[in-house]
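Engineer: Heads up, here are the entries from TrEMBL:
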BINDING   B:Lys85, B:Lys125, B:Glu164, B:Glu165, B:Leu166, B:Val167, B:Glu172, B:Asn250, B:Glu251  ATP binding site
DOMAIN    B:89-280  domain 'ATP-grasp'
There are 2 protein chains.
Amino acid sequence: MMIPPAVNLGIDIRVLAEADGMAAQLAASQVGDYRDAETVLAFAENVDVITFDHEHVPQEILRQLVDRGVRVHPGPDALLYAQDKLLMRQKLTDLGLPVPTWARVRTEDELQTFLDDNGGRAVLKTPRGGYDGKGVRVVSAGHEASDWFAAVAETGANDGLLVEELVEFRRELAQLAARRPSGELVFWPVVESVQRDGVCAEVIAPAPGSAGRVADVAAGIAGQLASGLGITGVFAVELFETTDDRLLVNELAMRPHNSGHWTQDGSTTSQFEQHLRAVLDLPLGATGTREPHTVMVNILGGPSEGALADRYADAMAMHPTVKIHNYGKDPRPGRKVGHVNASGTELDDVVYQARAAAAFFQD
Amino acid sequence: MMIPPAVNLGIDIRVLAEADGMAAQLAASQVGDYRDAETVLAFAENVDVITFDHEHVPQEILRQLVDRGVRVHPGPDALLYAQDKLLMRQKLTDLGLPVPTWARVRTEDELQTFLDDNGGRAVLKTPRGGYDGKGVRVVSAGHEASDWFAAVAETGANDGLLVEELVEFRRELAQLAARRPSGELVFWPVVESVQRDGVCAEVIAPAPGSAGRVADVAAGIAGQLASGLGITGVFAVELFETTDDRLLVNELAMRPHNSGHWTQDGSTTSQFEQHLRAVLDLPLGATGTREPHTVMVNILGGPSEGALADRYADAMAMHPTVKIHNYGKDPRPGRKVGHVNASGTELDDVVYQARAAAAFFQD
């Protein structure tokens, strides 16, 4: 999704891509494995700046890139926190940012103690590699995590697992922001992120009723995070709005994020254009909304037979104002294969348009 | 500029490109000559639908494509009128559409007679190959065109030249529209096109004061043209608004057009997305404005040294709401190498933003 703004701005973009998806159609693309140092280092020789659309590139490779003088944004020191949830929780705590009560647990007994102290149920997370609800489990007894403890013990380091209180929240919010290496920092309006089965189902931008205190607190947290962690590029802070009106940091994504897909059609500057500007250290674009409300609905799984495109005729005929985004990926159950954005002045209608259009693409 | 919407919609786009420009970066691109039948026919074997971003593909090639069962939009019967200004004038006259007084002239004497009958000055045009003010000359005596008469006489056919009255116009307008093979037809708001030295310098969308009669007449003309000529895809009708309040058809472009570049950022559906939808016979997108006013300013020639991108930092810092489009072409005097779009609620400010941002890219 960074290709369209790169084409518009005349930026010569090169992609180290997995074979699947549209990116591999760029002549400048190379199909290869981001975990292979030789591949990444060779690829980096022909670019001025390197960035990633996920946080999983190994630290050793990131640091080799920096050592060779490649501009890497976000840099390895910042990405470390997005790669390891335990490091992130510790850093947020050190920065004095509001987080759920948490602990590092290495044994069933330690987990049981945490449960006993925190209402008998908690959220257990693997520090690395989780996304979209993977690597997250709600537990109410220490022995329910015996498999995960065994797995982390096998790694040798045995860094343990992250356990967090089960936060009583009203809703989930996300604060999208961008920061340049030279320090300029901009925020989009805070959004509401509606989750189903641990996966983002839809995003309402701005979050209803967020103007004023909520927007102020959310931007304040994101700003502290950005400077405290030295983030460059676009990043998203996922927040819990608790039933007692606090905002707690849930997760941190150090890249353009699903909660920011609404900006492609709903904001003056999309998160993908902004990320390109930020990593190139160009002045950041305006982050205002084009229309009072924009709603993004994810397309999950997709049609079991045939391509998404087979559903275009009906969806387009019924919803001429809705913008359809199709990632060109093979549908698999639960896989995000596209999304739609709807914008307008009446929130109820915008939600309806987005959901109804997306429904054409789901079985 | 069709690549970004193709990526968004997951449309597998393939480009037969000249070497210069971003399009050649697509892996699916082929560099070749559109005037070479073998090249075009071979390219067409791997696509479902074929379209063009100019009108100069020879009729013989277009007809061979159709004969082989390739869907070509717009088709050769329609494109013929965009390729030959004399045929177009005759067809518009047959359809009863308002055009400047015109004649086909084959000799200096015939031209002189037209001049004597029409106020002593007139616009002379070569029927084929002209664009951006090329192939257009204002004359006040028959002998001023001796070179052109000699040139058309040499072609053998001697179809002559097109002469038109010098219209007293208040301003130039353009009506952008799109039509599907199955007949659906949509119009964007009519725009004002400001020309300098025969080249479009800026576009104001919608044209100030055009709501009501002007918009109605302009759309009516475009609608008659579309069905009368069997146009498919996006097309633009350039119009004179005369000092006595008539609209006359000036030129016809049967493709996405410079007068429609404002739609990339100012309309719910850009002309490039719409063209893809139209030629694929998909339902057309909404053509409303995102903000009350959008102004497009062309970047002509560009910086004499260094790339457009060297000017980004200043332009972006001063104009964070302006959208910059860079075609990635080498600058040459008078060549269109990019454009900017500004949108907002106050027209005076929007014009200022667009002009001021574009000025950073011009020497």
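Note that the numbers count up from 1, one per residue, in the order the chain is shown.
The backbone N, Cα and C atoms fix where each Cβ goes, and this holds for glycine too.
Because the structure is a prediction, the values reported are computed rather than measured.
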Engineer: Averaged over the domain 'ATP-grasp' (B:89-280), what pLDDT does the prediction give?
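Structural biologist: It averages 94.
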Engineer: Need the DSSP three-state call for B:Lys85 (ATP binding site) to compare against my parser.
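Structural biologist: Once the DSSP labels are grouped into three classes, B:Lys85 (ATP binding site) ends up as helix.
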Engineer: Using DSSP and three states only, what is B:Leu166 (ATP binding site)?
Structural biologist: coil
Engineer: Does DSSP put B:Glu172 (ATP binding site) in a helix, in a strand, or in coil?
Structural biologist: strand
